[in-house]
Amino acid sequence: MLADLPTAPWFRRLLVAGLILGILLLTFSVLQPFIVPLIWGAILAYVAWPMHLRILKACGGRNPAASLISTLLVTVIIVVPLVWLILMLRVEAVAAYGAIQDFLATKPVLPQAIRDLPYVGAQAQDVLNQIAADPKALRGQVMLMMEESSVEVTRLIGGAGRNVAKLFFAVFSMYFLLRDGPRLMREARAVLEGILGPRVHDYIDAAGATTQAVVYALMLGALAQGVAAGFGYWIFGVEAPVLMGAVTVIIALIPFGAPMVWGSLATWALVRGQMVDGIGLILWGLILVSWVDNIVRPLVISNATRMPFLLVVFGVLGGVLAFGLVGLFIGPVLLAVSLAIWREWLEEHSTKEDVAIVTSDGAKPLPVKKTGSP
């Protein structure tokens, strides 16, 4: 019996399945450090594809040259604003530190309205007195806040923003995906169709449409938040409102990034005794700017993908919590594919029920009016 085991069909199938599974696991182990950069590269390539087609036409069909130009353009679009933001924040941080030092030198007293707040008012004044009495404590607090903030931002951004090396691999992957994208997509569709059947094309189309919708929502949402916040900065007397609005646009690309800007400016106004401006800016940010972030983005995605609004909200927030910044795309895409599977099952189930409805004398199925998929 043991001698016949290697020739048994079930044993050969089991052996082949085990070998394939082992190869897949080893392949995943090799690619695991680069999965997030690969995802970012695929997202960037997909977003840049219309621009790449125009560049390809201008280059006379020379795909390698067009892919290189497209990759360089996207890299410049990403890197230049980040470098500008870092340099600008460095200058502003030095100026802000000097302004705080000058403010503390005057032995400041918090406004009466803040000091009268229960639980926190007296403690806030004590902290301010301690910092004013020991300027070195301010530096220590600033360094501690910067360290904690950098850890949180690094954890949130993840992937391409974690370090320069992963950003390089994302851009590197983007070049080859632009160059070989059509061939890779044809091969992927063929393989997946052999496994899942023709329905896989609907899933891929749903993932592509959702990715495009997320990109548009991300950009439009950040721009809308920056414009709304800029008007608030101008109304409530913030210095350089246009500049701070531009900073808000860039930082708003990070989920919940805009409150870091207008919240800091509002807090500084309150500490300086500008109660009306500080409270007004807080209300402006909570009511208007946050409304743009929490409503407009999911609404754009929902309208573009026919996904329920609540499902989009859960996809965006849950994706960010689970995967970091790249979860902005992964979360809605996963839910979009799941929704496509759900709707397809409902459609097939409805079709089977229609076929099962027959007249009592065995005639052909009666026509049933459909109300459409949900």
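In case you wondered, yes, glycine gets a Cβ from its N, Cα and C as well.
As written in TrEMBL, here are the features:
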- 10-28: transmembrane segment (TRANSMEM)
- 34-53: transmembrane segment (TRANSMEM)
- 65-87: transmembrane segment (TRANSMEM)
- 156-178: transmembrane segment (TRANSMEM)
- 213-236: transmembrane segment (TRANSMEM)
- 242-263: transmembrane segment (TRANSMEM)
- 275-292: transmembrane segment (TRANSMEM)
- 312-342: transmembrane segment (TRANSMEM)
Stretch in 10-28, 213-236, 242-263, 275-292, 312-342 most in contact with the transmembrane segment (34-53), if contact is a CB pair under 8 A: 312-342
Interface check, the transmembrane segment (275-292) with the transmembrane segment (242-263), three or more C-beta pairs under 8 A: yes
